[in-house]
Amino acid sequence: MTSPSSRTPRGSTPPFEPSADELVLHASGRKTAEDRLPGDPSPAALIDRFLRVDQAGEHGAVRIYQGQLAVLGRRSANVGVLRHMLAQEEVHLATFDKLVADRRARPTLLGPLWHVAGFALGAGTALLGEKAAMACTTAIEEAIDGHYKDQYDRLGDDELPLKATIDTFRREELEHRDIGYANGARQAPAFPVLSGAIKAGAKLAIWVSERV
């Protein structure tokens, strides 16, 4: 049975906005891409790339949890945590949808692919069992952790709202990782192989979505 939470219409979730106090915490005295080398993207091009890939990634994450809930539905002992993680990912996606529109960034051309692939990954791992679904979560979130950390480190004080947003979302992704491990991810069948394959796929999707 499909969870009602898995059918939340895109665009109905309010985006996240960091508070003034949060902005102060992330000041570094640096500017975005101030140490870039010849041939590196300009600050504007870098932000365009960041927003494109982050929107794509959060779209994929929403679809993964929707796929897992479509398979596991109400019979899963983890349905509550799946809904919690989905709700947070929906806020992440709503935020990047707004940022892409406000800053006129170019969305990835591969959105339809990630829409299908994310759901398929979520449903496929759920069909392998609840622990495999949690292994999917830990693998994805570990890939996203490194991705968001790299973005955070490259943003300066001229992009404090985006920097604070990425830090907040990164901490929530790490929470999802910890939830996955606490709910048996390591006990999934062939965990090292499954986790490694999903991480590799996530990193490839990040690389492609930045560029296409």
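Positions of Cβ are set from backbone N, Cα and C atoms, glycine also.
Take the Fe cation 1 site that Swiss-Prot assigns to E58, E89, H92: the candidate from E173, E175, E210 listed for it is E173.
The Fe cation 2 site recorded in Swiss-Prot comprises E89, E173, H176 together with one of E130, E141, E142, namely E141. Under the three-state DSSP scheme, E89 (Fe cation 1 binding site) falls in the helix class.
Within the same chain, residues at least six positions away from E58 (Fe cation 1 binding site) with a Cβ under 8 Å of its Cβ are E89, H92, L93, T95, F96. Around the Cβ of E141 (Fe cation 2 binding site), a 10 Å sphere holds 25 further Cβ atoms from the protein chains shown. Ranking the binding-site residues H92, H176 by other CB atoms within 10 A of the CB puts H176 at the bottom.
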